[in-house]
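Feature annotations, courtesy of TrEMBL:
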- 24-50: transmembrane segment (TRANSMEM)
- 42-293: domain 'G-protein coupled receptors family 1 profile' (DOMAIN)
- 62-88: transmembrane segment (TRANSMEM)
- 100-121: transmembrane segment (TRANSMEM)
- 142-164: transmembrane segment (TRANSMEM)
- 197-222: transmembrane segment (TRANSMEM)
- 243-264: transmembrane segment (TRANSMEM)
- 276-295: transmembrane segment (TRANSMEM)
Amino acid sequence: WELNGSFYQPSSFLMMGIPGLEALHHWISIPFCALYFIALLGNSMILFIIKKTQSLHEPMYYFLSMLAVTDLGLVLCTLPTTLGVFWFNMRRIGFDACLTQMYFIHILSFIESSVLLAMAFDRFIAISHPLRHSSILTKTTVMKIGLVIVLRGMVSLLPIPFLLKRLTYCRKIELSHSFCFHPDIMNLACADIKVNVFYGMIILLSTVGMDFIFIVLSYVLIIKTVIGLATKEECLKALNTCVSHICAVLVFFIPMIGLSMIHRFGKNVPPLVNTVVAYTYLVIPPALNPIIYSIKSSQIREALLRALRRKTV
């Protein structure tokens, strides 16, 4: 297509379920439905509890609310197409609809990364400067941080759909997943994709990559502060407040880094591995985050029990 100067842009793409297991899609949809249900219910419950409980109106829980909203957004972005493929074999998605889904998936992923960084900063301030914590992270400051996080994700990813629309595509229109992902769409093009690869890599490193580095740096400083505490009990108490956040960071970043590496360098990786990592990245964190915080946060757990008791009465 490039040689004769023609331009071809498909009207739609075909999404994939789990390669080699198409006959079992109805059964495979059961754990997916369970994970989506847990994610929707759990994150909605987190938001409800934080809103209704005055004692939880603190920076840590404001950031947790942002994380819950982001997870709900990720679930709602991927749920229709994933269950559509598993239940009804609805594989076709329009070109523009695919770019729109891709844009929001990547925005929400970048926002989640930034929120996790903000939560790490909150833990650092709470442990290193406990007396100044409320004066540094005021409600207005938290709102400004949230606005900057959203704007950074929207602006940095805005060129991506336009970079994809300028490409000419081959006749192969089959995606690797049941959702639209930038490297996946980009690799279907017959044109030169160096600009897309370069821009995608720069944006990924300057946003998610920097977020991860600063999260690690925050915990280095937190550990340094904790080591200086007087007693072992104080050290353990301080570190215990970070356990849930550390789990959320690992659950989000490990599959995200794995998926990025597979799409860019894993040409010989089996399709099943690619698919499993992709679903782990987009489905597991929204389902696990509310469970992690409900188990580790006594305030949320107690507020949840109070809400259930009132409901029972």
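Using N, Cα and C of the backbone, Cβ positions are placed for all residues, glycine too.
Any TrEMBL annotation is an automated prediction that lacks curation.
Residues 67, 109, 112-113, 116, 119-120, 123, 181, 183-184, 187, 197, 201, 204, 208, 212, 215, 219, 273-274, 277-278, 280-281, 284-285, 288-289, 292-293, 295-297 of the same chain sit 6 or more residues outside the transmembrane segment (243-264) yet have a Cβ under 8 Å from a Cβ within it. Sequence-distant contacts of the transmembrane segment (197-222) (same chain, six or more residues past either end, CB-CB distance under 8 Å): 109-110, 113-114, 116-117, 120-121, 123-124, 127-128, 152-153, 156-157, 159-160, 163, 182-183, 186, 238, 242, 246, 249, 253, 256, 260, 264.
Put simply, of 24-50, 62-88, 100-121, 142-164, the stretch with the most CB pairs closer than 8 A to the transmembrane segment (276-295) is 24-50. Averaged across the domain 'G-protein coupled receptors family 1 profile' (42-293), the predicted model reaches a pLDDT of 90.
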